[in-house]
């Protein structure tokens, strides 16, 4: 290994600092001369920034649609964005120019087209049969607000319901209004004086496309005959309606209501519902009506040839389930499964074997669009396991706090990371293939490998293969597992640096050739990792504690006393050798009772099992100095050829030999700059009584 003299390095730094101001004018003059000599041929118009791809989960999702033939999923957002998903690796991003929220999406099934309805009362027809989807036609409603749309399978007529209760019919081919309007006052009883409310549902009878079922918010449902232009039946219920779904035979339909009930109606018996169900209501004695529950926001009714139908719904929980997570309920025969979700349910769709509404549906999966996630549930397996999501939607599972990009990596690096990452996959997923399998892959043009590394607020690090258009997660590392976890709120780490997320990653330094990894966290800690394909158990976690303090001579306290500078161990070129500790430091106090030499986090003192992949080489922590917490690390670099890591903050810089577990250099900022310090720092008294509240 090549040797070098640290004293010569310091001399060089001092020399550079001394001549910097003297040579600045000369350098500016020389630079001016060079500009006249060099003939630059590249101009600003030769360069153009272009967004090539967008990664992560759609922000504020609001609508969902699925083409059951082409196997394409569409998600709309509140910002007017449109995301299309097919087989793993097939994604597309589009944007409505208006930026208005997408309230509903409707595929023209197996035609490569999509209709979007926006909150600004416009309809757009998208052409998906080209490399970059584009809007073919648009239609603006000026006098009425759009509330619901329905496009029957293999039909050219789009039914548009409005807030006033009227229904307009749009010709999809010309994307113009047909002139046929179903007025609300003709749809309901003429003797009724009250307005039925906005249209919340439209669907055609699976056995007769000339019969249209219209649901109004107030609780009224109308079966309209398109040919005779009059209502065949009217169904009235006391509770507001949120959604309606047909049985495939067209003889029954089901409604979900605001009191947590489901009503099943026979088409030819409009006087009262055939059956009323309260899925989550407590059955009271003496035949009393069950207690009301939360609204059932959506219901779907899917049939099978070999068994009972599926009734799938969102919402409807009892009001006494305070704090319970959002749920999707699957009712199949006599069994009822309540599936808890991590986030609020925006929408869901049941995937079926056939696109024909008048045949047995044979549901096999449910797509659940959550506020911050996309979940697919396997209906064919016991326990309803979820499918493992192949899309890179989990990039913001924990907020991204730092990001690094590496190109032209060694050819064996991605396979090595994928090999160790494949062992991290969780168990319990469905064994079936991901059911959203449409689209085709594009041609990958770059011949070099690319890797993106993201650091997250929970202390995790993710390695992504960015060689293709989409990201693929290779490996995930949890840095927080080296530290003791608090059991209650009183024991949570208090660094006086950050109120939450004490393990958040701030800086990443990585050497792709040697595979050495170094990270700096928000709690003034540095962790060095070495890549290994073998599992190991570390009995004692190697740890160093470093004091970095910006020294100011003769600091004056608020009392007017002169305080001598606090000594910094390892100042200058004298190495500071610290034996790796088997136990984290406990609280210690200086002579005046201030917290001193205490790290912000506690390193585990028990053996640590480390799986193949990145394994801890050394943990370095900055410590409290005379009642002052350490400042956050602002710069970090690793040199695997010499086995060195260098880090610094506003107070100074330190160099560590991670092979020998030794501090080689520890300099305060004032020692680096001297009187030429370009930054003004306010003197801080070491006598200031500032104590951490816990977790020393």
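The backbone N, Cα and C atoms fix where each Cβ goes, glycine too.
Automated prediction, rather than curation, is the source of TrEMBL annotations.
Taken from TrEMBL, the feature compositional bias 'Polar residues' covers 570-580.
According to TrEMBL, the compositional bias 'Low complexity' annotation covers 582-591.
Annotation comment: TrEMBL describes 278-385 as domain 'Lethal giant larvae homologue 2'. Mean predicted confidence for the domain 'Lethal giant larvae homologue 2' (278-385): the pLDDT average there is 90.
Annotation source TrEMBL lists region 'Disordered' at 557-596 (among others).
Residues annotated as region 'Disordered' in TrEMBL: 675-696 (among others).
Only residues 6 or more beyond the boundaries of the repeat 'WD' (234-269), in the same chain, are considered here, and those with a CB under 8 A from a CB of the stretch are 188-189, 197, 200-201, 203, 205-208, 213, 215-223, 275-281, 292-301, 303, 309, 311, 313, 315-318, 357-361. For 234-269, the entry in TrEMBL reads repeat 'WD'.
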Field: DSSP-assigned states of the repeat 'WD' (234-269) in counts, ordered helix, strand, coil
entry: 0 helix, 20 strand, 16 coil
